[in-house]
Amino acid sequence: MSARTLPLLFLNLGGEMLYILDQRLRAQSIPGEKARKDEWTDVDRKRVMNDIITTMFNKKFMEELFKPQELYSKKALRTVYDRLAHASIMRLNQASMDKLYDLMTMAFKYQVLLCPRPKDILLVTFNHLDAIKDFICDSPGILNQVDETFRQLIEVSIFLKDKVQNSNGRFVLPTSGPVPWGTEVPGLIRMFNRNGDEVKRAEFTTGGNYVTPQREGSFELYGDRVLKLGTNMYSVSRPAETHTSGSSKTLASSTKENIVPNPLAKEELNFLARLLGGLEIKKPGGSETGFRLNLFTTDEEEEYA
Amino acid sequence: MYRRDGSVALRGSSAPLYNNLSVLRPPHKPAACLGTVHGHAVTVVTAGGDAAGSAQRQLQPRAGGGASLVTQAAWCVLPARILLVLTCQKGIEMYESDGSIMVYWHALDVTEHPPGKSAAGTQSGAPWEHKLCLPEGSLQQANVSSAWRPPSTSSSHPCAGMSSGMVLVFDIPHKGTNITVSEVLKEHHDPITDIAAELGQAPDGAGDLVTADDAGTLCVWGSAEDFALLTRIPGFGWTCSSVKLWNGLIAAGYGSGQIRLYEAGTGALRAEVSAHARWIYALDLAPATGQLLSGAEDSFVHVWKICRNPDTDDVEMEHCHAECVTDTQICGARFCDPDGNSFAVTGYDLSEIFRYSRV
């Protein structure tokens, strides 16, 4: 496994988290003048997004993240996002956090598996970062932080085939559309003699319906990424399929967790605590009311179940 | 034409690793066992006549202490015995063919130096050291005297490739546990992806072993006495994930979805096929007929036929069959008999092994 996987994993999962939070916060927000003190407004949503993004792209944290290293354990990574989601005035209960994390990992797994080429994982990441920049377009300070990370990513050319395994369902694999940039549409056999001259061609039907890609996605700071994986799936209004408890149950039964205690886990967690501990965690206090957010409507049923 | 004629239900599924299906084809007998890797275990399925008659067992490498991710499992059919070889993060383990008894354990240490450790030589050290090295072994049966050749050939050398690019060659006695590392081949600079031994009859000087790596480089070896590098075929920007060697022809599958045929003796390109729309994960070859099987992330399995015209020396390749395994990223595909009349397929997240036979 590449020692440079961690930043990509962190940024992409973080991007998915922001998509979901943004969508849920919008759905639950109440126009400012009508809101009671304990209800969500657009101002609160922007503040939450700003706070989380600021924490995510904290300079010191990013420096640590970009150092070549092994991946965090699953537990440690989950802890990072727990802390991140609570970096602002929003509070999530356990059920909400579980579902949030399920959705994030499911979405990124989909993106990794359907990535046409390893290099395109970078485009997926850029799509996430592009969207994050849109979230905070009013705050030039944070924007700079994100751009800084962007530049680091562009510098690091990473070939990666992430082999994260999480069996929570099958994805639809299209057998049509563009083939990966730099490859050919299947269907041709060329044969050569010993001197390297082409002596014969044969065509065959593949059963798929592929086309040549128009152009490669842009790996620059700004540009058309072409690839749609990693863009905001939640921005289009569609019936939100947020009930994931079914899939998490099958996940639990089909995935065999490594029950052998990992001696490194504690070390990793301590390290993370040091990193995140240095960050300012905003505690609701004084005149401010803390906000609890039920991400999904099924939360209450489950709490009482 | 092939048709799906059954499937074997797995307790787990198959991990997205290259060539993640091995089939034990003992000489002159039908397929006896199927093996696929997921996480910390290998699932070994006894291939009974029907799905109901198949037995299943899970094998977890334990040597070196604690669980270890398995990267490959393969049966090595040697003249006098059959071994099941597992590669995992902590080392290489060899078992009797049914997985019942471990006969050899080779620890991989931090630096991945050619260790030459004795059997059962476990590596002590802080867990940190193991974690840092993460040597991903990739192993294929590379027994020079393989199942399809007369078992008169003297030597039998299974090989295991490592993430450092080194290839370990083992010396296996006819019986017993006195297994040793006889040679370490150091011509690759990228992780080894696959190793193939000659399945047919090698022309003079063509070599009898091919190793492939992550950068797409192929090395052809002759193993008459010591292993000697005969030809190096450079890559072209894509990983070579799977390789086969048959009658002096190399079949190589690449991340670009291409299959290429090379002359093993000279490295000359003899055919290039735009075969798949995504990364190729598996190739297999039926030695009795020259049929080639390829499987890729695009959910397709293709069957091809290769032949060499003895009069004109032309290499011919034709497409025989396309099979779409809907919504499955294929990670393993193997013929189940030497004629290529049947094959089996595994896929990522697929908790079955699909079996197909010729109609």
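Placed from the backbone N, Cα and C atoms, the Cβ positions cover glycine too.
What TrEMBL lists as domain 'WD repeat-containing protein 54 beta-propeller' is B:1-118, B:153-359. The repeat 'WD' annotation in TrEMBL covers B:273-306.
Confidence in the domain 'WD repeat-containing protein 54 beta-propeller' (B:1-118), given as mean pLDDT, stands at 80. Secondary structure of the domain 'WD repeat-containing protein 54 beta-propeller' (B:1-118) per DSSP, as helix, strand and coil residue counts: 3 helix, 55 strand, 60 coil. Per DSSP, the repeat 'WD' (B:273-306) is made up of 0 helix, 22 strand, 12 coil.
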